[in-house]
Structure formats: C-alpha cells, structure tokens
Amino acid sequence: WELNGSFYQPSAFLMMGIPGLEALHPWISIPFCALYLTALLGNCVILFIIRKTQSLHEPMYYFLSMLAVTDLGLALCTLPTTLGLFWFNVRRIGFDACLTQMYFIHILSFIESSVLLAMAFDRFIAISHPLRHPSILTKTTVLKIGLAIVLRGVVSLLPIPFLLKRLTYCGKTELSHSFCFHPDIMNLACADIKVNVFYGMIILLSTVGMDFIFIVVSYILIIRTVVSLTTREECLKALNTCVSHICAVLVFFIPMIGLSMIHRFGKNVPPLVNTLVAYTYLTIPPALNPVIYSIKSTHIREALLRALRRKRG
C-alpha cells in the first residue's frame, strides 16, 4: 500500500479467472487460445487482403480495415493477462499497469462502436445514393472520419484514469476478471465514487449509446429505401450487403450492453454470469468479425482465394 495521510492506494490488484473453475484453467485456456489465434490471424489476413487488392480500395473496406485494427488491439490488450492467469496463475497486476490496460480497452471499445456507426453510414449512402457514394465518401473524407473517431475516444476517456487515481482504496483488491475494467476498479474504492459513476455513464451514453441509436436510425432509413425498390431481387441484393455489418453490430453491442448493465445494476447476478459476459464481450467480436466478413463478403472471399492460389502456384 502507498500511504499519504488518509490517502491509500494499492500497489497492485489481483485478477480473477472463472470463479469455481480455477482447477480447470489450463483446459479452459484452450478455447481462449483458439479465439485469440483466430482474432490475430483473421484480422491480419483481412488487412493483408485489403491492402494487396486494388479493387477493395473503397470506403466499405477502408472502414473494415479500421475495424480489423481495432479488433487486433482489443485482442492484444487482454491476451497477456488472460493467458498469463490461465497458464501460470499470474494474478497480480500493478496499479498503473491496470489503469493503462483499462484505458486502452475502453478506448478501443469506443472506437469499434464508432467504426460500426461509420460502416452503417457507408451502407446507407451506398444503398440510398449509389451514384453519389464515391463523391461523398472520398479517401480524404474516410481519413477524416477515422481521425475523428480516434480523437473522440482518446479525449472522452482521458479523465477516467485520473478519476480513479484520486480515489482511496482499502480492503478488497480482487478484480472480477482477468483484465481491468472501469466499473470493476471503481467499485473497489472506499471513497465517494459518484463523480466516477456520473462521468462514466455520461460518456457511455454520449458515445456508445448515441452510436447505437444512429446505427438503428441508419437501418430504418436503409429499410425504407430498400422497400421502395422495384423488384424483389434488387431488394435482396441491397439487404445482402448489410448482413455482415448487422452481425458485427449484434456481436459487439449485445454483450457490451449486458456487461455495462451487470456492473451498474446487477448486484445479485452470479459471478460466473458476469465473467462469461465479460469474456464474450472482449474475445468473441475480434475472433468472429473476420470470419463473418470472409464468409459473407464475396469480394473478400474471392481475393483470399486468389491469394492462396498465387501462393500455391
């Protein structure tokens, strides 16, 4: 402990694995290794294919590249502590290291939410105004959107580590997960956390909450446009371009909303449920997104097959 008058701060926190299944952690690590491997390889392949295929140099795939980079970051943020705990039972994480990991996890989550919104906007423009799509979403515009997304995440979350460092901690230092999460750290404090709760809620609602609302609005407008199409084939073709994005939105937002609700209102939720939702939120989207886009996107699939044929040849 670090003592400064009446101010106490732990030198480290203790991470938790899956409650009640500690003896099985080496076996549980196997599916986690598979998910992390899929996330790392899948997203690297997506980035490589888009970079090497000239026909994929368009807004939809630029945003997909941003999503892949974000998913790589999320996987790399939690991989060391999660596998370190499952393989070697390394539970200790330094206070500042924990705040750093938490900051990047939340930044990358917010960035992913914003990228999914940008992709929804891209689909709306492509379906509703196909002729104007190239002139609206130019390379410069896409770059500006990407920079704005990163800047919003970095600036909006910058006060969070400082709000946590000002708190006094005492007694329990065990986290609920094998990674650091803002509500989890905040609830270990024995000081008034109203500012942290209020700021966290405002930032969550004004970023991820607004992103989700605008994504829903985008799809309402897309459906209105699709319904007005003359033939059933055109309607199905337009909707088919959105399937991958809809899957990515559901895979990301459902566990994220569930985890946020559990940490804020689910005091009586079993620890195992809390843990499973948290791991679903941080490991499933990075692993599934490249699989979803590889299966559903004909252009990605064809480019991947061409690359494999060239390698064999």
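Even glycines carry a Cβ here, placed using N, Cα and C.
Please treat TrEMBL annotations as automatic predictions, because they have not gone through curation.
Quick look at what TrEMBL lists:
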TRANSMEM  24-50  transmembrane segment
DOMAIN    42-293  domain 'G-protein coupled receptors family 1 profile'
TRANSMEM  62-88  transmembrane segment
TRANSMEM  100-121  transmembrane segment
TRANSMEM  142-164  transmembrane segment
TRANSMEM  197-222  transmembrane segment
TRANSMEM  242-262  transmembrane segment
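Proximity of the transmembrane segment (197-222) to the transmembrane segment (100-121) is established through 3 or more Cβ-Cβ distances under 8 Å for residue pairs spaced 6 or more apart. The transmembrane segment (100-121) makes no contact with the transmembrane segment (24-50): fewer than 3 of their CB pairs lie within 8 A, with pairs spaced 6 or more apart in sequence.
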